[in-house]
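Q: OK, TrEMBL features for this one:
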type     : residues : note
COMPBIAS : 160-178  : compositional bias 'Polar residues'
COMPBIAS : 216-233  : compositional bias 'Basic and acidic residues'
REGION   : 1-21     : region 'Disordered'
REGION   : 115-178  : region 'Disordered'
REGION   : 216-240  : region 'Disordered'
REPEAT   : 513-555  : repeat 'WD'
Amino acid sequence: MFAPMEGGSAGRRGGSTRSNESSKWDYVKTFYTDQAKWDFVKSVAFFGVAELNEEHTRILTARNPQAAENIIRYSYKDRIYKPIPHVDQLAVHYQMDSNLINKDSDDAKRQVTVDTATEGVEVGTASVGTDAETATKEGEDEDEDKPKKTAGAGGKGKKLTNQFNFSERASQTYNNPCRNRETFVEQTPRAVFTDNVSQWSIFDAYNEDFEQQQKLKEKESKKHTLKKDDDRKKKFVPSDQQAGDEFAKFVRSKTANISLKILERMINLNTFDDIAQDFKYWEDAADEYREQQGSLLPLWVFQYDMVKKLSCTNLAWNTQYPDLFAASFGSYDFLKQSRGMFLIYSLKNPSFPENMFPTDSGVMSLDFHPKHPNLLCCGFYDGSVAVYNIADENKRPKYQSTARSGKHTDPVWQVRWQKDDLDSNLNFYSVSSDGRVVCWTLVKSDLMYTDIVQLKLDKPTTETDEGVPLTTLGCGTCFDFNKQQDYLFIVGTEEGKIHKCSKSYNNQFLDTFDAHHMAVYAVRWNTYHPKIFASCSADWTVKIWDINYKDPLFVYDLGSAVGDVNWAPYSSTVFAACTADGKVFVFDLNVNKYEPLTEQIVVQKKRTKLTHITFNHQFPILLAGDDRGNITTLKLSPNLRKKPKVKKGQEVPEGPEAENAKLDKILALIRDPDAAKNKPTTQGATTTS
């Protein structure tokens, strides 16, 4: 086995001859008697010489090839993502916790002395073992050169634990590798504040603040003045006035206004807590025992001292905020015309309006824009119309019509927003007693008008002494646009007629209905059905019409002048009406086609007339305004808003198509099938209650 090493080294030096080399091989061959073993050893020796002669090169670098070089992290200082310049290049190939120490160190010597003291025996050297003595004869020459260690005569060897072949039971379990994940997070500032708010605490806080201000002013006055006590008291008078002025400025500021509104709402929540609970959770338990009857629960009553002597002329819910509504106030009496006002109320604060807009003339109508909840159009008793921005601190209108811009000559009884025109300009319509239906367009800073329809009477024209023919115009009182076909609208007049009109035809009506014997106060298209509308009048009646029939489908006599009628937004068969004797009627054609489900007096005083009524689009409540400036909130019981019964296993149909089908099913029982096929304008059946 030594021949390859010597042969390889001699070959590299190049100083030996072939004869010397062969003699060495002969000498080695004497140790192997078997020819097969000798051939194997010789082949291995030649291959070992070839491998030793081969040179291998390795380049060691300090970089870790497994480390990532494209780590990107967000820098909060520069507000951009940056690459990390320095990456940890340390690679750990092997790591083991051990308790071995160098035997020549002080710790090892100290440990040896402790062990000898406990055992009482001197520590001897460890014997090498008998394995070396049983080695083969071939390695005896090499083993003779190695030193041998024997144990002492009187010593006893101590068995040490093999640190490379030792394991404990606790180390046999598999430990999951730990992974670290880091991120940069800015700490969120926090503040905790708790306090009890009441009227007394607010009053005490204001008094303490006022006293501190007085003390500071007294200290400043003592430093700058050296006069007598009487003179000082006189000088304190203007300082008190100045403090009052500063307090008044603070109260009028925006921050104080917002803070006071929040405090006011908090106090109202405690004051009207029982009403708020009824608004959210009350359900009339008696409805389970009565199938075709319901009830109305009065909730809040909105009052304001400045409008006590005025009538509520119109009500409108905001299209985006379901708790916000507007109420207009004026006078229907021609001899008692003075000022007007419209108020913005919120259900969150029933004690005081959110905003007030006083006007020089009575406000007879208003309407919120369906897409811009801050825009409100109004019609006045003097014939003018205006557009307000209720979010603006300035209480003046943004647009207003004048005599030069084509304003009406009589009161404007109703206004209604419509879709934008082809130039994307906002526009709304108005109807007045002067017989005109006008379209008003907002163009930059001007209010442009266009006459859509003139309500002409069917009477023949009269001639004056000069021979000039005079055409008499009807007096428009109300109108409404079709929900599905916005070009189609109906107009009610003081003569009791209802005209079917179109935006495309200015000179004539599409149809005329002899609806009532007295003035028509309101006309309303059905929320879902495109052919059904309702009307109410001073002749005590509410009528349900089909646009294709001359006669009404249903007629209800309510015993007093009907001020307003309105369809429910959640059902095609439910509508409500209010009368001059202070009653509210709620009908459901799907439950009872002849009588109302509820008839309830909601006014607080006698001889109080209800003027207008409207449903909320989200909550099961409605508003009723009277001629004393009060607005009452009423909640509908479950029987007034329940869905039709279906068979077990069937789903309740929902959506506009289901509502139309429900109403068509009821109307099919009233209409004459033969008349509907042959003559749509012939008289149909009429149901009178």
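Including glycine, each Cβ sits where the backbone N, Cα and C put it.
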Q: Which residues, given as numbers and ranges, are at least 6 beyond the ends of the repeat 'WD' (513-555) yet have a Cβ under 8 Å from it?
A: 477-485, 490-500, 561-569, 572, 575, 577, 579, 585, 589, 593, 656, 659-660, 663-664, 667, 670-671, 680-689
Q: List the helix, strand and coil residue totals of the repeat 'WD' (513-555) as derived from DSSP.
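A: Taking the repeat 'WD' (513-555) as a whole: 0 helix, 22 strand, 21 coil.
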Q: On the 0 to 100 pLDDT scale, where does the repeat 'WD' (513-555) sit on average?
A: 91
